[in-house]
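In what follows, a structure is listed as structure tokens, so that the remarks can point back to it.
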Amino acid sequence: MPTPWNALFLNPECACGRSHFTCAVSALGECTCIPAQWQCDGDNDCGDHSDEDGCMLPTCSPLDFHCDNGKCIRRSWVCDGDNDCEDDSDEQDCPPRECEEDEFPCQNGYCIRSLWHCDGDNDCGDNSDEQCDMRKCSDKEFRCSDGSCIAEHWYCDGDTDCKDGSDEESCPSAVPAPPCNLEEFQCAYGRCILDIYHCDGDDDCGDWSDESDCSSHQPCRSGEFMCDSGLCINAGWRCDGDADCDDQSDERNCTTSMCTAEQFRCRSGRCVRLSWRCDGEDDCADNSDEENCENTGSPQCASDQFLCWNGRCIGQRKLCNGVNDCGDNSDESPQQNCRPRTGEENCNVNNGGCAQKCQMVRGVVQCTCHTGYRLTEDGHMCQDVNECAEEGYCSQGCTNSEGAFQCWCEAGYELRPDRRSCKALGPEPVLLFANRIDIRQVLPHRSEYTLLLNNLENAIALDFHHRRELVFWSDVTLDRILRANLNGSNVEEVVSTGLESPGGLAVDWVHDKLYWTDSGTSRIEVANLDGAHRKVLLWQNLEKPRAIALHPMEGTIYWTDWGNTPRIEASSMDGSGRRIIADTHLFWPNGLTIDYAGHRMYWVDAKHHVIERANLDGSHRKAVISQGLPHPFAITVFEDSLYWTDWHTKSINSANKFTGKNQEIIRNKLHFPMDIHTLHPQRQPAGKNRCGDNNGGCTHLCLPSGQNYTCACPTGFRKISSHACAQSLDKFLLFARRMDIRRISFDTEDLSDDVIPLADVRSAVALDWDSRDDHVYWTDVSTDTISRAKWDGTGQEVVVDTSLESPAGLAIDWVTNKLYWTDAGTDRIEVANTDGSMRTVLIWENLDRPRDIVVEPMGGYMYWTDWGASPKIERAGMDASGRQVIISSNLTWPNGLAIDYGSQRLYWADAGMKTIEFACLDGSKRKVLIGSQLPHPFGLTLYGERIYWTDWQTKSIQSADRLTGLDRETLQENLENLMDIHVFHRRRPPVSTPCARENGGCSHLCLRSPNPSGFSCTCPTGINLMPDGKTCSPGMNSFLIFARRIDIRMVSLDIPYFADVVVPINITMKNTIAIGVDPQEGKVYWSDSTLHSISRANLDGSQHEDIITTGLQTTDGLAVDAIGRKVYWTDTGTNRIEVGNLDGSMRKVLVWQNLDSPRAIVLYHEMGRHTLVSPVQHPYGLTLLDSYIYWTDWQTRSIHRADKGTGSNVILVRSNLPGLMDIQAVDRAQPLGERTPQAVNLLKGDTPAPSSSLPGWVSKLMRLSSPGFNKCGSRNGGCSHLCLPRPSGFSCACPTGIQLKRDGKTCDPSPETYLLFSSRGSIRRISLDTSDHTDVHIPVPELNNVISLDYDSVDGKVYYTDVFLDVIRRADLNGSNMETVIGRGLKTTDGLAVDWVARNLYWTDTGRNTIEASRLDGSCRKVLINNSLDEPRAIARDPGKKGLMKNWGHIAKIERANLDGSERKVLINTDLGWPNGLTLDYDTRRIYWVDAHLDRIESADLNGKLRQALVSHVSHPFALTQVLAQERAPRSEILSQTRHSSALPLGTNACGVNNGGCTHLCFARASDFVCACPDEPDDRPCSLVPGLVPPAPRATSLSERSPVLPNTLPTTLRSSTTRTRTSLEEVEGRCSEKDAQLGLCAHSNEAVPAAPGEGLHISYVIGGLLSILLILVVIAALMLYRHKKSKLTDPGMGNLTYSNPSYRTSTQEVKIEAIPKPAMYNQLCYKKEGGSDHNYTKEKIKIVEGICLLSGDDAEWDDLKQLRSSRGGLLRDHVCMKTDTVSIQASSGSLDDTETEQLLQEEQSECSSVHTAATPERRGSLPDTGWKHERKLSSESQV
């Protein structure tokens, strides 16, 4: 603004004289003085209306209303609800207006739509519609201090998500970021990206840390400057004063100005627009652009001011008023058409000559106009004011009328109460923005901030499809375009190939198309929303297209390009009609958006730090905001606001779209805000779909063009009609770019390259093709593979993936369907069928880095280039015959080869000589075709009359005339990493060959060869051709076979070269270590230490089978006895040496003592030792064959060979074999008895040793014995199981755990005494008959998480619970006949007990807090106890009487009850922590338990008295059992139990005979028994009366029932089976008085003796007889009971006992009492010695992890019977052992029934399982066994 003549500069204390008025101080600190009489004269003299503010001048007519700001409006507009005065003074003190039902009354009297209430937008104008209660955050949200809600996991995540930063306050100390893996690079802030993105020139981390400290960068394009960090920027920005590089390297070492002619250089060196010079604003930040400014131009006064000649500005009303207001009389000069005044002027005469209003000022007539008019220059006439011409007067539409105007809104919007601005209808707007690592959304009018998608790599561009509820984004790290639902679900890739830097994205929501820009490929592309029918739309004259915006209603695309010529362009959506919108004053145009309602576009320029707008045709361009914009990136518009992201401030900002005022920060402290959009339906208004419902009739793409549409084809496909495209490509240029393979179609004119959609292409080098099956072949030198796929990317498969090191050349013989390739790593040329089968080596000698290869099937020759020390070009027959060098001079790096089959010429490119040459096929007539401007040619091909090549340095594909080398042209440029090139076509010449007829008679490979033969037969690698010249031998005779962790390979010794071949076993190997070979059957055996298995297969890979899958840990050594038909192995995990049959059967532990990590194993004894080879790096496997030794070496990753006698002549057999393990040598040609024995693999070690420590660690060869024979003969030596050779013969042996009988040849079918235990996923057995104590897996199928088990010795079945499946199952001890007993209604079954007498099953359920019972088959299920239980755990029972149980509830306790659940009693409830195992000693009448929390083993009598601590300080005991004294090495399992394998007597209680006469359940008690009915009735009538079997009930009414006398038994019982019960007590409660009188009720707590002989039905005669027998049995049992009671009175014997251990009790809360042991406990364990006096020696209690033992030794049982009189709590020869296993049992068959009954009181003890159900109340050391996956970890698992 110009400076008034009397302005006071930069004076904060402006003091005008008394006769002057001081105007308001300007933004630059200036103030202005005007004459005092000019104040309140209705004229804008100050220029800012400050002289007229607050004035109440009588300038309004009587028909007008005078606003507080001086404005006059029509009086009819007062109190009409519109803010016409613009200060709301016309709407003050108005009578209350009644709003409609769907309106909200504002406090200022306005009425707004109810939907606008509390939407975050100030619609009332006084914000009264936004006085809302703060919303509540959900359980998964964190409330910020300002009341806003964010995602809970954002709290203390290092990112400020709350606007006030409260989510990052009071956070714990930062946890260091986890390290990235080997294939990742860690950014400066901890994020991990793929290592291939490190130093690739792209900012993948978001902070450029992945591009710092890079020793080499990929060069930038021409016209670009590369920052030190690797970023490429416009070269014109170098030394322009702005730090455009993230490291400011573009402003270093700047000496001269680099500003353009259109720029002004600031004193600081910064360049700004020249038009900003002397504009009154400090654009340079040092005010240098405003210094030395002269008043050279006319200053600009305000629009309602007059500019005097002297530069002064006065109000328009002072013009021609007869007063010299300017001071130079210019306001009264004739030039202003001022009429001379007569002095007779008066408003009363002709209205003073005024057209509208007249007033007298200082005696002078002054004309004024009504509102809506302005005074003309003559000072009398008034003209209409066009309010619509003023920018922003109306939000959207404006209609002007005479003296008035009217604002209106587009469809989907509604006028606000101010009658000027428009509000969008619909939901509240949401700002959707990309944040690199996530996509978030924020409400612009409130602090609502939510996450949409997270864990992204580098999200840049963004758009949405509101109708389909989809969000699309581009990822420049993954080079992908992806989409998801707007709720964040269903993420999927849309475009995954051919992208380099997709920085812009736009969705056509009308025609359902997706458009994007790619600054890497310099293209704009389009596709369907799913990525189909992708087409390059624009590619010419594009440099770095960035932002893109669509206007589907007009069918137009807009985009920005910030290349060397920055510009904004537009075209139709089909690519036609391209035009420039703006190309001046642009540097870095980033974001672009369209205001569809306002018909304008907005963009940001990050270099000029400005936001501009223009009409859609580029006219009326204007800067909206030009200050305070450090680095704006993306922009969006909604209603009257602009929203943009800024890289520098890491924020989202907003401002008014018309004025740029009201700037506000929406969110700051963001990670890295990128693209932004307003998510609202009005941002995607409805439009006409030009393509209609049938895609416009187009076969592929229908693209809008103006008001019509165009049918378009995907890239490369030609158009065959106006609406149809070809379905395939006939010819195209095929080229590799390392990370992808592309094609350029010759069917179209655009020559745009298109990426073939292939997966996992890492470093493609060589290419070829076969048009017969449309296959494209390529080599990958990163994955060392050869692959193929259809030309469209389908059917991708790997053809060759083994024994490749650097496959650099590839050629297809389309005549015989053969694949030829060169390998610069192995220096070989190989061939195979096109599917990779029958692979063989053709040339392996005198090759030095062979590169490209081509074939000429017509002549039968192949040609290849060699890069080695003597570069050359060679040729040979396609069968490797007739090899010769054809070119050997003037070659440096001979790369690509091509053959012109018509002219019989060979072309090649030499990157060293920088030439393309050709010669005849024999090397003659050599000539240079192109010898200039070839920096680095690589690939070469011919098609038609043109030659095509790729060039590394120019990054281009070029072509020229193939005969002259002239007419050069560039097909594509700016393509990095160009490799091989070919032209795919369908015109290869046919060739007749003998191989076409029955494969030429060859059994395997038929190869072309030069005439006269024309072909030859050859064999796969390692196999020799038979003398007939056509047939191959059936396989390798002499070979090495070795393990390589993930595969097994063979190296044939029958051929003159070493080549490894993978044994094609169709399985996934994890860690194959040891191998062995059975040459008799041709099988290979191997061990896998990760899969814990030993497997075998045929040498051709067929018939794979796992022979051993259990009980293995780390099988490092393996040996096959081909003569004795056995397999031996060592296990360093279990420290054992085992043997088994070749099928894995009859497995036996041979050695288990005095072993420490056994590894190698050999089957023959040592005959001498001396050093052969020294030093070696890290040898592992060793073998010998004939006169050589072979070994594998970890460090060199190689196989070596040396003379076995001297160790000399060391050669390298094969190299580059990581993961080498065991090796064996085999010669199948020699008979078994004449073979050289195998060497011992003594070289195996765990870790590599440094070379300095190797002199003493050398290869050692074991001299072996003479050849052997099968000492066991043909009849297995007479052995029933195993026959094992000895040096002097053989011996018979039994499988593990089974003893050999006295005859020395036969074995028992199973162990006599053994333990049975579970270990989550298995059930195992440990025999006590043998001393090795090796666990043997019982092959029960479908085991998931077995916790508890028990054993039924009668049927020989094991019962177990699986808490993963929530079932109870049973199976035979050999694993067969598995069946589910209880399959429903279980939650966590932790305790299990079998009553083998009454044939009942008991279990505890901690999930349901119940104890239940059923028959052993799962029928008659009944809940016994379901009240006052809190996590019942272990359970033990005495089939004769009662049982025990443990509770883990709030108060841990051990309880007792009858087997029917009655007479429940707490035995122990103090000083318990986590009581786990529970077992009974039937002889001493004591209970034993382990406490996992207090770490001790305790004992008490069956009443809970005489409690003693047996063992303290044991580590987390879990389960318990007790047996006669045996010893066992520690184990680490889960729970234990014991059981005898012999059948125990059934008649030990009344329920053991005929189920006690009960129809369903029979429960024995201390002195009687009771019958019970199941909770769910079955199809059998149930009776509670023993011996009474009621008939099946019939459907009769109560009135039809026969009367029953009270003193007789009823013929039918109204049984409780007619309804479901939960306990016996419910029977009592449901018995009516009448039924009781009739004797129909039975009490659950009293025994019901049978009433013999009274009124029995004839059907009960048999039952009566059985009852008599039952009474006799009961009498005998009572007599026995009284006899024993006289010896030991114990009222609690035989109860159902259970425990309630409380895991809620912390360690500090458990009272631990030190109870001294009595003297008798010092004699707990005795063991019999061999003396005749039967003296006993004291032995300590053995605490063994994992097992509980029970001996079956008869002598020890006799000793126990002799000690019975000294009871008193002694354990006698019992040993209690704790375990951490799930369940274990021991069995013995050495006792008869009578001894078992007398010694064990009809039952042995069992240890129950442990389980807890975690509850929220638990604190501290709450345990969790981990059996349920959803359980949280707690202290027990940590213990």
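Placement of Cβ uses the backbone N, Cα and C atoms for every residue, glycine included.
Caution: TrEMBL annotation is automatic and unverified by curators.
It should be emphasised that the depicted structure is a prediction, and the values quoted were computed from it without experimental measurement.
In TrEMBL, the cysteine linked to Cys106 by a disulfide bond, out of Cys85, Cys94, Cys118, Cys124, is Cys124. Looking up Cys156 in TrEMBL gives a disulphide bond whose other cysteine, out of Cys132, Cys137, Cys171, is Cys171. Among Cys220, Cys227, Cys254, Cys259, the cysteine that TrEMBL records as disulfide-bonded to Cys239 is Cys254.
Comparing CA positions across the disulfide-bonded residues Cys40, Cys72, Cys111, Cys162, the one lying closest to Cys124 (disulfide bond) turns out to be Cys111. In the set Cys40, Cys162, Cys171, Cys205, Cys227, Cys259, none of the disulfide-bonded residues has a C-alpha within 10 Å of the C-alpha of Cys72 (disulfide bond). The least crowded of the disulfide-bonded residues Cys106, Cys171, Cys187, Cys227, Cys278, judged by other CB atoms within 10 A of its own CB, is Cys171. Neighbour density for Cys99 (disulfide bond): within 10 A of its CB lie 17 other CB atoms from the protein chains shown. Looking only at Cα atoms, Cys227 (disulfide bond) sits nearest to Cys254 among the disulfide-bonded residues Cys67, Cys144, Cys205, Cys254, Cys271. In space, Cys245 is the closest of the disulfide-bonded residues Cys40, Cys162, Cys245 to Cys254 (disulfide bond), judged by Cα positions. All protein chains considered, the CB of Cys162 (disulfide bond) has 24 other CB atoms within 10 Å.
Rounded to a whole number, the C-alpha distance linking Cys259 (disulfide bond) with Cys85 (disulfide bond) is 49 angstrom. For Cys259 (disulfide bond), other Cβ atoms within 10 Å of its Cβ number 19.
Here Cys278 (disulfide bond) is compared against the disulfide-bonded residues Cys40, Cys85, Cys111, Cys187, and the shortest C-alpha distance is to Cys40. Among the disulfide-bonded residues Cys124, Cys156, the residue whose Cβ has the fewest other Cβ atoms within 10 Å is Cys156. Between the CA atoms of Cys85 (disulfide bond) and Cys144 (disulfide bond) there is a gap of 40 Å, rounded to the nearest whole number. Nearest to Cys99 (disulfide bond) in space, judged by Cα atoms and limited to the disulfide-bonded residues Cys67, Cys156, Cys205, Cys239, is Cys67. Cys67 (disulfide bond) and Cys205 (disulfide bond) are 58 Å apart (CA-CA, integer value).
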